[in-house]
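The structure appears right after this line, and notes come after that.
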Amino acid sequence: MDIKYVPTICPYCGVGCGMNLVVKDEKVVGVEPWKRHPVNEGKLCPKGNFCYEIIHREDRLTTPLIKENGEFREATWDEAYDLIASKLGAYDPNEIGFFCCARSPNENIYVNQKFARIVVGTHNIDHCARLCHGPTVAGLAASFGSGAMTNSYASFEDADLIFSIGANSLEAHPLVGRKLMRAKMNGAYFIVADPRYTPTAKQADQYIPFKTGTDVALMNAMMNVIISEGLEDKEFIEKRTKNYEELKEVVSKYTPEMAEEITQVPADVIRDIAIKYAKADKAAIVYSLGITEHSHGVDNVMQTANLAMLTGNIGRLGTGVNPLRGQNNVQGACDMGALPTDYPGYRKVADQEVMEDVTCTWGCSDLGCEPGLKIPEMIDAAAKGDLKVLYITGEDPVISDPDTHHVEEALNNLDFFVVQDIFMTDTAEFADVVLPAACWAEQEGTFTNGERRVQLIRKAVDAPGESKYDWEIFCDLAKKMGADPEMFTYESAQDIFEEVRTVTPQYAGMNRERLDRPEALHWPCPSEDHPGTAMMHIEKFAHPDGLGIFMPLEEQGPMETPDDEYPLILTTTRLLFHYHAAMTRRAATLDREVPTGYVEINTEDAAELGIANKEKVKVKSRRGEIEIAARVTDDIVKGIVNIPMHFRECSANILTNAAAIDPKSGMPEYKACAVAISKMEGSK
C-alpha cells in the first residue's frame with residue numbers, strides 16, 4: 001500500500017489554509033491539516049476537511065464537448081481548438097468577453113488575461129471579485145493607495161478591540177473566526193454589527209443589529225461621536241492624512257439620533273461603540289460581503305478606512321482594515337490583472353505609459369488604453385446583442401450572478417459560448433463548447449490568500465481523461481490563432497511565475513525557493529532580499545505622496561426599497577457547509593448536512609403573515625419567484641429576510657437585482673432587494 005502526503009492549499013475560501021492531500025494508489029482519499037501552517041495551525045473547517053470528495057467523481061469532465069443540434073458530443077482537442085479559434089477570430093475584439101477563474105492558480109489566470117489581451121485584443125476581462133470584493137479593491141485603493149487587507153490574520157490576536165461589520169467569519173471564514181475567538185480569549189472586546197444574529201454575532205461581547213444597507217450612516221455617526229468627544233488621533237491625522245476637514249464637515253450632521261432613524265440602532269449604543277473603538281489602544285476592523293455587496297459598496301469600504309484613519313488604527317499590530325476575501329485565489333486574480341481596468345500589479349489600462357511598458361515586456365503590439373467591460377456590463381451587452389462571444393473559465397454565473405433570468409437570457413443570446421471547467425455546471429449547459437480542466441489537486445502553481453500570502457500548491461494526482469491545465473489550453477489556442485509562439489511557450493507553472501515576477505512589482509522578490517515553506521511570503525515583496533510585507537502602511541500609505549485620503553460620504557441606502565407590494569428586504573448569505581454549489585453540492589458529506597435552501601424570516605413577520613416554521617412559502621421579487629421552506633427565527637432583524645445563495649432549486653439569485661449596481665465598482669446589490677412572502681396556495 002503506497003500512501004503519500006502532498007502539501008497544498010484549500011480550494012475554497014480566501015483564508016488559505018494549508019493541508020496535506022492523502023494519496024493512496026494514485027487517488028486522493030483524504031486530507032490532513034498542516035500542523036505548522038501559520039494560518040490554520042492544524043485545523044480545517046468542514047469544507048476543507050471534505051474537499052477531496054469531488055476530485056475523483058465520475059461526473060468530472062474528461063473530454064472536450066461540442067454542442068450540435070442542442071446536444072453535446074465528444075470531440076478531439078483539435079476539433080475544439082479549431083472551432084474556438086475560428087470564432088474568436090471572426091468577431092471584433094470588443095464583441096468578445098472573458099470571465100476568469102478565481103479558484104484557479106495565479107499562473108492560469110495570468111495566461112488567461114494575457115491571451116485575451118494579446119491574442120484576442122480585448123480588455124473585456126473580469127472575474128468574480130466583481131461580485132464580492134470589487135468594492136474592496138476600489139475603495140481601499142482610493143483611501144490607502146492599495147486595495148488589499150492591511151494586516152495579517154495573526155495580527156488579530158494583538159487587538160484590544162475588534163469591530164466586525166458585515167462579516168460572519170465563523171461560517172464563511174472559520175479559521176479566521178478561530179483567530180478572532182482567540183483574540184477575544186486574550187482580552188479583546190468583540191463588537192459585531194450585522195442584521196442577522198449569526199454564529200459569529202452570538203460570540204460577541206456586544207451585538208449591534210441594524211438595518212441592512214445603512215452602514216455609511218452608522219459609521220458616520222460613530223465618527224461624529226469620536227470627533228465630538230475629542231477622541232480623534234490628531235497627530236496621525238495631521239501627519240499621515242489629508243481631506244480631514246471635508247470629512248469633519250459631512251459627519252457633523254450625522255448625530256447618533258439622526259443615525260438611529262436610519263439604522264435602527266439606538267443613539268446611546270452608537271455613542272457607546274464609537275467611544276469604545278476610539279479609546280482602544282489597538283482596534284481592528286473586520287468586514288466581508290455584508291459591506292461590499294451593495295450598490296454603495298465602495299462607500300462602505302471607504303467608511304471603514306475613514307474610521308481607522310480617524311483613530312490612527314493603521315500600520316500597527318492589532319489594528320487595520322481587514323477584508324475577508326471570498327474565493328481561494330480572488331486576491332491573486334486581482335493581482336494577476338483579471339480586471340478590465342488593470343494589468344497585472346494593478347497598473348492601469350488607461351495609462352499610456354503603462355501600456356507601452358507592458359507591451360515592451362510582453363513583446364506585443366499596441367493594446368489600447370480603453371478599459372473593458374465588467375461582468376455585469378458583459379451580461380447586459382450579451383442580452384442586448386452587443387457582446388457576441390463569451391469565454392468563461394471556472395465561473396458559474398447562472399448560480400452566482402444576480403437576476404438568473406437575465407443571465408440566462410444573455411447566455412442564450414450569444415453567438416458563441418465557451419465554458420472551461422471541471423464539471424458540467426448549470427452555466428456549461430448553455431455552452432457551444434465545453435473544455436475539461438484540471439482541478440487544484442492536479443496541478444502546480446500558487447494561490448494568494450486574503451492577507452496577501454502567496455502560497456504554493458502542488459500536484460497530487462493526474463487529471464482525469466484528457467483534461468488539461470488552463471494555462472496549457474490558452475497557450476494551445478494562442479498558437480492555433482497565430483500568436484508568436486515565444487509569448488505562449490512555457491514548460492511549467494514555475495516558468496509562468498517567473499514571468500509574473502517581471503510584470504507584477506508586488507511579486508518581484510518571490511521565487512519558488514522562498515515560497516517553499518509554510519509561512520511563504522506576503523506581498524509586496526519587491527526584491528529577493530525583502531522579507532515580504534505582513535503589515536502595510538506602517539510609515540506611509542501607498543499613494544504617491546504617502547498620505548491616506550479621507551473620503552466624505554453621504555448615506556445612500558439600497559437602490560430598491562420596500563413598498564406595499566414588496567414590503568420586505570432580502571439579503572443573501574453563505575453557509576458553513578457550502579461555498580457556491582458546483583463543488584460543495586458534489587461533496588456528499590457536505591451536501592448531506594444542508595441539502596437544500598430555506599428563507600429566514602423574523603418571528604414577528606412570520607406571525608403577521610401566518611407562516612409557520614418549515615412551511616413551504618413563495619418568495620417573489622420584481623424579477624421572479626421561488627418556492628422555499630420558511631425558517632422562522634429571532635436571529636434576523638424584523639423586516640429583513642435571508643436566503644442562502646447555493647441552491648439552484650430555490651435560487652436566491654432569481655430574486656436579486658442586476659440593475660442595482662455600485663457605480664464606482666460595478667458591484668450588484670446582493671444584500672438588499674425588495675421581496676414579498678406569501679403562503680402557498682392550499683396551505684393552512
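Just so you know, the numbers here start at 1 and follow the chain as drawn.
Glycine too: its Cβ is placed from the backbone N, Cα and C atoms.
Taken from Swiss-Prot, the feature domain '4Fe-4S Mo/W bis-MGD-type' applies to 3-59. The annotation [4Fe-4S] cluster binding site is assigned in Swiss-Prot to Cys10, Cys13, Cys17, Cys45.
Per-class residue totals from DSSP over the domain '4Fe-4S Mo/W bis-MGD-type' (3-59), listed helix then strand then coil: 8 helix, 22 strand, 27 coil. Here the Cβ of Cys10 ([4Fe-4S] cluster binding site) has 27 other Cβ atoms within 10 Å, regardless of which shown protein chain they belong to. Each of Tyr12, Val15, Gly16, Asn40, Leu44, Lys47, Gly48, His173, Pro174, Leu175, Asn328 belongs to the same chain as Cys10, Cys13, Cys17, Cys45, is absent from that list, and has a C-beta within 8 angstroms of the C-beta centroid marking the [4Fe-4S] cluster site. Shown in sequence order, Lys47, Ala172, His173, Arg325, Gly326, Gln327, Asn328, Tyr579 are the residues of the chain, 6+ apart in sequence, with a C-beta less than 8 angstroms from the C-beta of Cys13 ([4Fe-4S] cluster binding site). Counting other Cβ atoms within 10 Å of each Cβ, the binding-site residues Cys17, Cys45 show the lowest value at Cys45.
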